[in-house]
Structures are given as structure tokens and as C-alpha cells.
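Engineer: According to TrEMBL, the compositional bias 'Basic and acidic residues' annotation covers A:297-322. Marked as domain 'Cyclin-like' by TrEMBL: A:78-160. As annotated by TrEMBL, region 'Disordered' applies to A:293-345.
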């Protein structure tokens with residue numbers, strides 16, 4: 001409501017800015033919720049795709065499990081990072097694209113859309129949403145075997161899957177703040193501090209390969225990365241911020257994040273990924289495989305529906321013309337004609 | 001159907017388009033409603049298919065920032081959905097804008113009314129700035145007015161996050177008459193002060209009922225500013241002669257604001273002058289402005305519902321929500337047309353600004369990690 005919405009205004013309530021963000025409101029889960037969401041997404045996908053196979057031919061197909069999907073996505077998260085570095089994109093683009101990729105696969109299955117394709121679109125979209133736009137053509141040229149249409153073809157799908165929540169709050173930004181902050185601690189050695197920061201940056205980058213950003217806040221992740229680099233400095237910083245707590249609770253909160261970064265923060269084994277990818281070739285949604293029978297069928301179906309809609313619309317226009325005054329309808333009525341979405345191209 | 005596609009269709013079904021109310025080169029605006037409640041909305045349909053680089057930057061900016069900003073004085077983005085290759089933004093429906101209010105000669109403004117609009121503008125802007133967002137296109141026709149009188153900042157097509165130190169930004173932003181001198185001098189590192197200057201110009205316009213600094217070209221804009229406020233000295237604005245596009249445009253004496261704004265109180269002129277300080281770092285901030293004595297002195301701001309409003313006409317000036325459209329719009333010559341044409345006249349320079357801004361943006365994609 002226009003006037004009644006004040007209660008949700010970050011300005012007029014006690015919400016922090018972060019709590020007003022789409023990241024906090026739409027993309028924050030518990031570890032259990034994540035596992036649950038992925039399992040049910042996978043189960044739905046398996047049964048839906050199973051039906052698309054021609055009768056009987058799906059019986060022998062071994063579909064990917066939720067964990068295998070995660071593994072494949074993770075491999076492309078690492079690739080995504082490499083691609084951005086290779087193209088000289090700022091870290092903001094890289095981090096944003098990786099977040100997009102993770103969020104995308106909370107709504108879609110790799111059996112419908114291969115992460116190697118989605119990754120390219122996620123990076124391209126991220127260049128725009130972080131205000132570092134590049135021309136599509138030059139971007140596509142720098143990626144082997146890729147046409148501009150391959151990238152644009154998925155742009156809408158990616159934007160939709162993200163729920164159009166383009167803004168992302170990143171741990172590396174929070175870490176920068178922390179780095180400025182710790183320089184004010186008493187008795188710090190700048191050289192040592194710089195080394196700690198550099199190493200913390202590496203931990204933040206490792207954290208991007210994990211699910212931590214879907215569970216914890218950027219500030220928690222940045223403090224964890226700092227603590228991984230220097231537990232003493234992190235503790236000193238926490239105590240300086242929260243002088244009332246001799247053992248700040250936040251240091252306990254970040255323990256599980258440490259575990260996750262340590263255990264999941266490396267790219268997956270190529271061999272394991274290759275095995276999954278090989279199986280994916282056999283179990284991917286046939287409707288998405290250009291040229292397959294199921295693909296043709298789906299295309300025909302879409303075409304038929306569009307045709308029906310066009311006919312219906314033509315009939316409506318025809319009827320409107322017959323009913324109308326031969327000298328044209330009153331001006332105001334014209335505007336009613338074009339309220340359908342069909343005329344767009 | 002894929003789950004994502006299904007969710008999109010569900011969202012699409014919540015809204016109905018009733019009537020086309022504006023059309024530009026790449027967006028069409030409809031008046032519509034929420035089907036379940038009958039609530040009036042504006043639906044801005046952006047044609048995406050025709051852009052060779054996909055979703056275009058101004059649409060992305062608008063969606064990105066409006067998804068995050070929820071405030072009484074910022075236009076609310078209720079929903080986003082796609083239809084084929086179109087992006088549809090469902091925005092709250094707003095009756096009019098401050099430009100139409102200013103231009104309606106039948107309306108009389110009380111000092112308390114002006115104070116109320118200024119307070120709402122600063123509140124909305126303070127919220128944007130608190131969220132690290134620069135609007136970069138504040139002008140009366142981007143300040144929309146709801147039926148209950150609330151003012152809402154709209155059109156985030158040129159907005160951006162504050163840049164990190166060392167990142168250049170384009171200076172081709174903000175409609176010329178509202179553009180601060182540092183941008184006219186080609187400053188590539190700037191901050192919230194650019195929006196404050198625009199608000200200062202709007203403040204003056206509310207009192208004068210005509211644009212305060214209507215320059216005819218970028219060069220003339222500087223001259224217009226200096227004629228009104230005096231040519232800055234090195235002391236007024238240290239270092240300004242070193243700015244990239246600095247050119248001397250002549251010496252003009254400083255005339256006290258009081259001579260032009262004869263009816264204004266000292267508090268009022270003090271706040272106005274602080275919005276129009278040359279040195280950007282000394283210009284007042286939005287939060288500081290909200291605490292300025294002007295807002296606490298008599299007369300108190302009018303209640304939004306009591307503010308003057310143009311009579312509702314049949315053709316609703318809905319185009320404000322589609323401020324970033326119509327690159328081929330009529331040029332400055334068009335004057336004697338319906339309200340939205342007047343706006344076109346205004347927008348012609350900002351549209352230039354936009355296309356340049358976009359071009360410039362494309363050149364700055366390589367940054368260091």
C-alpha cells in the first residue's frame with residue numbers, strides 16, 4: 001500500500017540497511033533449508049524430465065542427484081572466477097556473477113540448463129548490474145565457440161531466476177571495511193597487517209566456492225576470513241567493537257563458517273566432475289536438446305499456442321472493427337487496443 | 001513448463017493492463033490495476049528485444065535500485081515480470097509530478113507547502129544516500145506526487161552506487177538546469193553533493209515558479225550559474241580551476257539571494273544557499289539538511305494531504321515513470337502541447353546525457369581487480 005507501507009520502510013523501523021536488502025529478504029537460508037530446497041528441486045526435475053523421455057526409454061537413465069548437481073555447479077563457479085580474471089573484470093563482477101550462478105541453481109536444475117552456458121550469461125549480466133558494462137559482441141568474441149545469441153538467449157531466464165534481485169552485498173566489500181578498521185587498533189604493525197589482509201582476501205575468494213553466502217552475512221564471512229588469517233587480530237577487533245563482551249559471541253558464530261570454508265573452499269576434483277558431466281549428457285532434459293524429438297515436439301506446441309493466440313486476437317480486432325463506428329472509435333478507445341503483450345518483438 | 005517460467009506467469013496474472021498512457025522508443029506505460037484488490041498501478045513495459053546488448057542499462061539500474069529501496073518518499077516497485085522479450089515493471093500509481101504542480105498557474109503555494117515538498121524530497125534522498133545510491137537525475141518531473149500528497153523520487157535510470165575511491169564516473173548525468181558546476185567542469189569523481197545541488201535548484205524553482213538556472217547549453221549553464229551566484233574564487237572553491245573541463249566563463253559579482261527571493265525567510269535562504277555552495281565538500285548533506293532550523297521554524301510544513309494539486313485531467317501525465325524513453329522525442333521547440341510534451345522539452349537534454357552516459361560507461365569496463 002502506498003501509505004500503509006511505512007512499517008516495512010527501513011527508514012521508519014529499526015531495520016538495518018542490510019535487513020532491508022533483497023539479499024537478506026530473499027536469499028538467506030539455513031543449511032537444512034538449502035539441502036531441502038535442492039533435494040526437492042532435484043526430485044521434481046527428475047520426475048519431470050523422466051516424462052519427457054520417450055516411453056520406456058527413461059527406465060535405464062541414471063539422473064543426477066542433488067549433490068552431483070551441486071558439484072557440477074561448483075566446478076563452474078571456479079571457472080566463472082577464472083573467466084573474469086582472464087577478461088580483466090573487476091572483482092565486483094566476478095563475485096556478483098558467482099552469486100548469480102548459485103542463486104540460479106536454487107531455482108533451476110543443471111539437467112535443464114548446463115552451467116557452462118549459464119555461467120557466460122551470469123558474467124555478462126553481472127558486468128551490467130555492477131555498472132561495468134561491456135559490449136556483447138566484444139565479450140562473445142573473447143570466449144571461444146560462443147555467439148552473442150548464446151549469451152543473450154539465457155539473459156531473461158537468468159534475470160527471472162534471480163527474481164530480478166540484481167544487487168548483491170559482498171564479503172570482500174565488508175572485508176575492505178574491516179581492513180580499514182583494524183588499522184586503528186593500538187599497536188598494529190602495518191606490514192603484518194597487510195599480509196593478514198592479503199591472506200584474508202584469499203579466504204573470501206575461497207568462501208565464494210561454498211554456500212556460506214547463502215547462510216551468513218557478508219560481515220560474518222569477512223570476519224571469518226580475517227580470523228582464518230589471524231585469529232588474534234580478529235579477536236582484538238571484535239573486542240574493540242564490543243567492549244562489553246570480553247569473549248565476543250561473534251567469534252563463536254563464525255566457527256561453523258570457518259569449517260565450511262576449510263572443507264568446501266577448493267574447486268572440485270576434475271575427474272569427479274567429468275564423470276558427472278558424462279552422465280549429464282544422457283540424462284539432460286531432451287526438450288532442451290536442439291534437434292531431438294522432444295525438442296521438436298515442444299517447439300511445435302509453443303508455435304501452435306502462439307498461432308491460436310494470434311488468431312484469437314485477429315478475430316477480436318476484426319470484431320472490434322465491425323462493431324465500431326466506420327469513422328473510427330472515439331479517441332479514448334484507441335488506447336485500449338494494444339494492451340496485450342503479443343505485439344512485441 | 002519450468003518452475004521459473006511458471007512463477008513468472010503467476011506474477012504476470014496478478015496485474016492487468018487497462019490503458020496505454022504513454023509510449024516512447026523503448027518503453028510503453030500502461031495504467032493498470034492489481035486484479036485481486038483493484039489497486040491502481042502503472043506498468044512500464046520495456047521492450048528488450050531490440051537492444052543488441054540485451055537488457056539495457058537504464059532498465060537494469062531502475063530495477064536494481066528500486067528492488068532494494070522501500071521508503072515513503074521513493075516510488076515503489078511492486079513487481080517485475082517478463083512477457084516474451086519484454087520486461088514489465090509494476091510501479092505504484094502516482095497522479096502527478098512536481099513540474100506540473102509548479103507550472104499550474106492556478107495553484108498558489110504557501111511557504112509551508114514548499115517546506116513540505118522540500119522535507120519529503122530530502123527524506124527520500126537521504127534514504128537513497130544512506131543506501132549508497134546516487135540518483136543523478138533529480139528535477140521536478142522526477143518528483144512524483146501521490147493522491148495523498150506524498151512526494152516520491154522516481155526514475156532511477158541514471159542512478160548508481162557510490163563508486164569506490166579511484167573509480168571514475170561519467171560527468172554526463174543530471175539534466176542540465178539541475179547539473180552542479182563540478183560536473184559541468186568535467187569532474188569524474190563526485191558524490192552525494194551532486195544530488196544536493198539539484199535539490200537546491202528545485203527549491204529555488206518552487207519559490208520562483210520558473211526554473212532557476214535555465215542554461216541554453218553546457219557552457220551557457222556555467223555562465224547562468226555564475227551570473228546568479230557569482231563567479232567562484234579560489235577561496236570559494238579551492239582547486240576548481242584544475243578540473244578537467246575548466247574554462248573561465250567570465251567574472252560575475254555575487255548577488256545576495258535575498259534580492260531575488262524577496263519573500264523568503266532567513267532560514268529558508270540559509271538552507272538554499274547551503275545547497276548551492278560551490279565547493280562540493282562543503283555543500284550540505286541530506287541528513288544535515290533535514291535537521292536544518294528551516295524545517296523546525298514557523299510555518300511548519302503543510303500536511304501532504306493539504307498540498308496544492310492540479311485538477312485531475314483525463315489524460316494522466318503518467319509518462320514520468322517512463323522518463324528514460326523516447327530518444328527521438330520532440331526537441332526544445334515543442335512548447336504548446338499537453339503536459340507530457342512539456343516534459344519532453346525538458347528531457348531532451350537529459351536524453352542526450354543518457355546516451356552519452358551509456359556510451360561512456362561502455363568504455364570503462366576494465367578496472368583493476
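Cβ from N, Cα, C; glycine included.
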Engineer: So, by DSSP, how many helix, strand and coil residues make up the domain 'Cyclin-like' (A:78-160)?
Structural biologist: 55 helix, 0 strand, 28 coil
Engineer: Tally the residues of the compositional bias 'Basic and acidic residues' (A:297-322) by DSSP class, grouping H, G and I as helix, E and B as strand, and everything else as coil.
Structural biologist: 26 helix, 0 strand, 0 coil
Engineer: For the domain 'Cyclin-like' (A:78-160), provide the mean pLDDT of the predicted model.
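Structural biologist: Mean pLDDT, the domain 'Cyclin-like' (A:78-160): 95.
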